[in-house]
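What TrEMBL says about this one:
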BINDING   B:Gly13, B:Pro14, B:Ala15, B:Gly16, B:Val17, B:Gly18, B:Lys19, B:Gly20  ATP binding site
DOMAIN    B:6-184  domain 'Guanylate kinase-like'
Number of protein chains: 2
Amino acid sequence: MKKDHGLLIVLSGPAGVGKGTVCNALRDVDDSIAYSVSATTRAPREGEKDGVNYFFKSESTFKEMIANDRLLEWAKYVNHYYGTPLQYVHDTVGSGTDIILEIEVQGAAKVKERYPEGIFIFLAPPNLAELRKRIEERGTENLDLINERMTVAKEEIEMMAQYDYVVENDQVEKAVQRIQSIVEAEHCRKDRVIEHYRQLAEVK
Amino acid sequence: MKKDHGLLIVLSGPAGVGKGTVCNALRDVDDSIAYSVSATTRAPREGEKDGVNYFFKSESTFKEMIANDRLLEWAKYVNHYYGTPLQYVHDTVGSGTDIILEIEVQGAAKVKERYPEGIFIFLAPPNLAELRKRIEERGTENLDLINERMTVAKEEIEMMAQYDYVVENDQVEKAVQRIQSIVEAEHCRKDRVIEHYRQLAEVK
């Protein structure tokens, strides 16, 4: 059956849960899904290509994109702007290709406001003890900071309520498999395909 | 993550679409899903075992099951009763195992009334021309009957509206894969798992 329209898949979850690792692993095994390319005002690092790693923009151009509502979401970190160009997402799904956007929870919440028809997947740690362990293994935080992050994690679990799916990142390969299953299942949802069949039923 | 509760998966679709073939192929590759066993008043055929192929019941027992609301759905074909025992479905999902029920569309509609939390999958022919071909290949119907079935098929496509998913049976292996993806995705649905995470977040 023809895929008429691609899906925007938003992969988010708490800091340290492994969003980047899972997204890269998915990229390695599945070339049917496109990956959202962010716009940024920071300078390209060695080897980074415009349109591949990022869309590199001047600050004035970026601010213009904000003003003209051409970003699905944006944020400023350490004096640089980062954002998701709306046009790139629209062009990709319009051509029938699914696109995945890996983003922190605050960004995902903004995307949901602008693009509620997206598929929102929350990547979750196997359990909070495991999350604590992962954060500790980063080795750069003190205990206060860890406890603070645990509190944030609890808040973020409450953010699950805004998502369609929760994928446990107990093993990267399993998490990737679950995301692929979600994408395949979403393409089978009745609401997405019934019109296609109604048209077929009218063929003489 | 612990599976707390199994899912009832209802696989239905038009006559001749290949429900039985797909269900058997799923059975061959996936032993994590249980298969619903029907009750019947017909006599066991050679090799058929009670509780495996069917639950064999006397007509009086079957009527008692109807009267006591112990069937998810039932129907009478050629002087014999067939039905889906509710207890078997409840016991299976209660033990955390998914169960699949392969059934014609009228039966599926009855199941939906009684068990709306089931996952309803409509198995669809690749297109209506293909359905016509499949029906013709059975070789036992005349043209009037084929046209009649096409009309029924169109009606049945309108029944898709009652389902959660539509799986195209273009290739048996692909249809099986899609069903497995749907089951995996459904287990990741936020509404099914958020309470589990809320409990974990309370762990000291």
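Using the three backbone atoms N, Cα and C, a Cβ is placed for every residue, glycine included.
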- prompt: Per residue, counting other C-beta atoms within 10 angstroms of the C-beta, which of the binding-site residues B:Ala15, B:Val17 reaches the highest number?
  reply: B:Val17
Query: Which is it, of B:Gly13, B:Pro14, B:Gly18, B:Gly20: the one of these binding-site residues whose Cβ has the most other Cβ atoms within 10 Å?
result: B:Gly13
Message: Quick check: with B:Gly13, B:Pro14, B:Ala15, B:Gly16, B:Val17, B:Gly18, B:Lys19, B:Gly20 left out, which same-chain residues have Cβ atoms within 8 Å of the centroid of the ATP site Cβ atoms?
response: B:Leu123, B:Pro125, B:Asn169
Field: Mean per-residue pLDDT computed across the domain 'Guanylate kinase-like' (B:6-184)
entry: 89
